[in-house]
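Structure first, commentary second.
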Amino acid sequence: MKKFLKVWSVLTIICMTVVVFGGALVTKTGSADGCGNSWPLCNGQLVRLTDVTPEKLIEFMHRMTTGISSIFVIVLAICAWIYMKNRRETKPLAIIAVLFLIIQALMGMAAVVWGQNPYIMALHFGISIICYASIVLLALMIFEVDRKFDARNLVMGTKLRINIYALTIYTYLAVYTGALVRHEKASMAVPVWPFENGHFIMPTSVQDYVQYFHRLAAFILIVWLLYVTWLVFRDYRRYRVLTFSMVLSLVFIALQAVTGALSVYTGVNLYIALAHSLIITMLFALLCYLCLLASRSKSNRLRIK
């Protein structure tokens, strides 16, 4: 059973990665209306080879991969619930994975049938990364990563725990601003990075405000991550799981900043934009794992005593 769970969890992560990619691809290519206003089929029927368009194919493939991924997520949640029922995080994570998967699908359906509001659709990506993070956490528990890094003896102080919780919430909000940039079509509102023509110019449109706000949010996120990394290396250097996680988070945020800048300089190159979406998804999952470790800190302290 354990071997099956390991293989299935990896396959589920791969499937959900494809879904995240697919959703970003739909947005980047403007394929959201590729299947008309019917759901789950395209214009009420399966796609026929005689009337295939790139937009229709992208949208239909996204719907199909979402459906396949739903099966993987539900099976993983049920099996983890049964096999790891003694782990206190298992049931909440399984519920979150399935619940947010359903919410994600319903939001996608609503956008197709009743139209797309950019502020609501920006939440669609946020919902998907919560589902993704919960699946990654289940997989890490299945692979017993805690034992390999001796995370069961990890004890965090209040200051670090609060920073990790707050940073994760803030990262989610920063992700929302990035999704809003896409859905408000503000990617090229300020065509030079970090400011317009190298100088700060007062925004004059909604798109300008959205773009500037996202860049400010990203800058704060980078500074905050650097601060938390400094805290970890100052006070918790002996815990490999923390030092490794923070170094990895800095790698992710550096790649995120680079792909963000390149997205502007390349006129939103499709592959760079997709990488930009995937990197922040992985960073958020990593921060959620740190939240999981932080939530265990008190019980670890009592157990060690």
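Every residue, even glycine, has its Cβ placed from backbone N, Cα and C.
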| What does Swiss-Prot say: are Tyr119 and Tyr239 on the same side of the membrane? | no
| query | For the transmembrane segment (7-27) against the transmembrane segment (272-292), do we get 3 or more Cβ-Cβ pairs below 8 Å once near-sequence pairs (under 6 apart) are dropped? | reply | yes
| In angstrom units, rounded to an integer, how far apart are the Cα atoms of His62 (heme o binding site) and Cys42 (disulfide bond)? | 12
| request: Please check if the transmembrane segment (272-292) comes into contact with the transmembrane segment (161-181), where contact means 3 or more CB pairs closer than 8 Å and the residues in each pair are separated by 6 or more positions. | output: yes
| remark: Residues near His124 (heme o binding site) by Cβ (under 8 Å) yet at least 6 apart in sequence within the same chain, in sequence order, are Gly23, Gln104, Met107, Gly108, Ala111, Ala179
| message | Given a Cβ distance threshold of under 8 angstroms, which distant residues of the chain, six or more beyond its ends, lie next to the transmembrane segment (213-233)? | response | 159-160, 163-164, 167, 170-171, 173-174, 177-178, 180-181, 186, 190, 193-194, 239, 242-243, 246-247, 249-250, 253, 256-257, 260
| said: Neighbour count, 10 Å Cβ-Cβ cut-off, for Glu59 (active site): what number do you get? | reply: 26
